[in-house]
Amino acid sequence: SYFNDLLPSPNQNEQNGFVAERAVNDLKGLVNIGPKVTGSNENEVLAIEYIMKVISDIKKKAASIHKLEVDLQQVSGSFSIGALGLHYNNVQNIIVKLGPRNNSSLLINCHFDTVPTSPGASDDGLNCAVMLEVLRVISSSKKPLSYGVIFLFNGAEENPLLASHGFITQHKWAKEIKAFINLESCGAGGHEVLFQTGPNCSWVVDAYTEAVKHPSGNVIGEELFQSGIIPSDTDFRIFRDYGHIPGLDFAHCGNGYVYHTTKDDLNSIVDLPGVIQHTGDNLLSMVLTFTGNNSKLPTLYFVPHQNSIYFDILGLYFVSYSMNSAILINSAAIVLSLISVLMLWYPSRKLWVFVDLAIRALALLIALALSMIYNLLLAVILDTVTASMTWFTNSFVLVPLYVLPTVVFMSLSITLTDLFLLEKKIQFSSENDLMQLLPTQTFWAMILLVLTIMQIRSAFVLLPFVLLPAIVFILLSLFYERDNKWIARVIYILSTFFCSVYIVYCGIQGLKLFLPITGRAGPTINPDLPIAGLVTLITFCAYSYICSSSAYVRKIERWAKYLMILHAGLTLILIFSNVGFPFSSNTPQRILITDLTRNSTTPDESLLFVDIWERRGVSVLSKVATLPTVKAFCTNEVPHCGLPWASPKIFMKSAEVSRWLPSTPHELTHMTRLEVLSNNVSSDNVRTISLKMFGPDHMTLIIHTKYPMISWSIDDLTPTPVQTTSAGSSYAIRHVHGLKTLSWEVTLKFQMKDDDPDKDKLKNIHIDFIGHHMHGPMSASLESFIATLPSWVHVTPSLATLRAYKF
């Protein structure tokens, strides 16, 4: 953890380099505005005015050698991400261009909008403040840039990714951008971690490797993020998919418990000046490298299937190389491991050497399987007795819960294997004393071989587990006297020490990311399962070489028994006491409460809809547990229960645990209205419906139909259902506007069936039109209900109006 939290001291010299103190002052001004939801006065007026004022002050002090241009963009458009259609009007971007007039520029992006209730200190105000200070430093320098830098302060990222789409597809400067740096957050503070690169352009990673003072990044994060395991997205996707340019994606991941909550303030960022200095030093160095005389910015090109392998070494050094190089390096390590096996076999030239090696490697695999099965079974039991997430606040609980059983199973497996081999009367001679260690190296070599064949870039993490021990084993075999077997054993184990340290370093980074994410992963997933699996793998890797010497520990069975008793006792304490209670004010439980007025069943029926975001849910909320579930009051006549789900797919996951209670109509129902511009069926059985919507700055259309939607005016792609059941398919469109927009329009086309007797009837398409009020005062019903909840609950409140239509 020491290396994960290592931060530089703030620079005190205002005449030389990045100064954290000035950036902190910029951040304070932005945070003091409060939550900045797209469409709110705070976001569209106050934040814009503040950032523009800071930029104006910077421009006044800029050196005359630099050309500094500022543009305020108000942009409208539409596109889709996956199955979700997105439509936006008048969202705003502040764009600053610095540097010479040429056709090659670097883009740096942050967003200043926030989710409801959050002041957005880390997400993403900190990065905007860093960008302002980098702009200040470069613009006041007497040294000219060879290429331009474009600073994009975008005002609609959380909705999602709207303003960046408007910029990269419509702005006049977008076409000259050759590469980009995206700055994000999924927590509060810590290192800014490089977690996405490319695509297919290794130079951007090489430039980062060359430039940064404080490296932090790992390709494992990239592969996990792009797999969809992490429930989030960034503007990286927009610049990559719509701008077709390569780039780097960074995020602060410390203290993810406060991400998207009221706690995302200055106080939640540990060592704020150090965090800002760390990010600022790196960003300034990257900008100067990307825009310097030796930059390849104008000539960047894509090499198919040439994404980079990259990782930092304890935050001190950074390594990057291509996939082709990785194949060669991994193959060399595997060959060296094979040579070490042959050197072990050669003195005796007996088959038993390979048999012994195979049995011991199999024992490791069995140990991993037993550890994984036991820990996953324990995770299921804990969830069954409503004791999951005991580690959510106190992560040290993971040690007695999942680390100890893994250590015990691994140690016993190795010891029992030794006993089995002795029982079979296999004689050990001086030259095979390292037989107990070499199987571990062989095991990892086999895993590395499989991952290399699959071209899994994360395989790099196993490279030292094979390469270092193989080299040391070969050297020991060549130069050490055989009667110094204990010295050889100690040297061999010491050669694996770095492997264990590095895997623990990566493991801590992973747990810091994933533990907070379980608090917003949804109520249907047992979070103990992935966490137990991850901890088991980390422990297995870190302990694999050490446990090979467990046979030399006297009375290992007794120690194993004591450890399992300790494990069982602490587990019972976690289940039956408050020690394992998952939430606190600093690690809150998250729920979404919407005060909804709707006409889908009874006109102007009103209710409070309580949406649960994590597994423990109502089991720790007595006030909510007694309320009826959403599923209980649903009818087949109303798709998705007539509720303002962010997506119909979420309904399938949450309906059985989310709750509701009666409310009174709020005063904003008149703002949501839908007009039908046209509704007709053509001769080729295509129904076209054109709609015009009026409402607040956040609106959603959910369309449910048994006919496939073949096109929409969102984009040229064929719409994809967010959910398909036997009753039909559901499609979703989200609209957001920044500056006030009176209305927006959409056209939908459905392919009717020739042999369908209902094709000429006008009531076979169901549309829910929802107006979301994401900022402003809450209703009295909402306020009074929130006041009854514990202090460790974070509530995202909203008002909504739902109007149901049939066509």
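Glycine residues also receive a Cβ, built from the backbone N, Cα and C atoms like all the rest.
Caution: TrEMBL annotation is automatic and unverified by curators.
Now, the feature entries from TrEMBL:
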- 93-285: domain 'Peptidase M28' (DOMAIN)
- 355-564: domain 'Endoplasmic reticulum metallopeptidase 1/1-A TM' (DOMAIN)
- 587-805: domain 'Endoplasmic reticulum metallopeptidase 1-like C-terminal' (DOMAIN)
- 327-346: transmembrane segment (TRANSMEM)
- 358-382: transmembrane segment (TRANSMEM)
- 402-422: transmembrane segment (TRANSMEM)
- 434-454: transmembrane segment (TRANSMEM)
- 460-479: transmembrane segment (TRANSMEM)
- 491-511: transmembrane segment (TRANSMEM)
- 531-553: transmembrane segment (TRANSMEM)
- 565-583: transmembrane segment (TRANSMEM)
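Only sequence-distant pairs (6 or more apart) were considered; of these, fewer than three Cβ pairs between the transmembrane segment (460-479) and the transmembrane segment (402-422) are under 8 A, so the stretches are not in contact.
Contact check: the transmembrane segment (327-346) against the transmembrane segment (434-454) gives at least three Cβ pairs closer than 8 Å, residues 6 or more apart, which meets the contact criterion. Tertiary proximity for the transmembrane segment (491-511) is limited to same-chain residues at least six positions away from its ends with a CB under 8 Å from its CB atoms, namely 1, 3-4, 193, 218, 220, 253, 313-314, 395, 398, 434, 437, 461, 464-465, 468-469, 471-473, 476, 480, 531, 534-535, 538, 541-543, 545-546, 549. Model confidence over the domain 'Peptidase M28' (93-285) is summarised by a mean pLDDT of 94.
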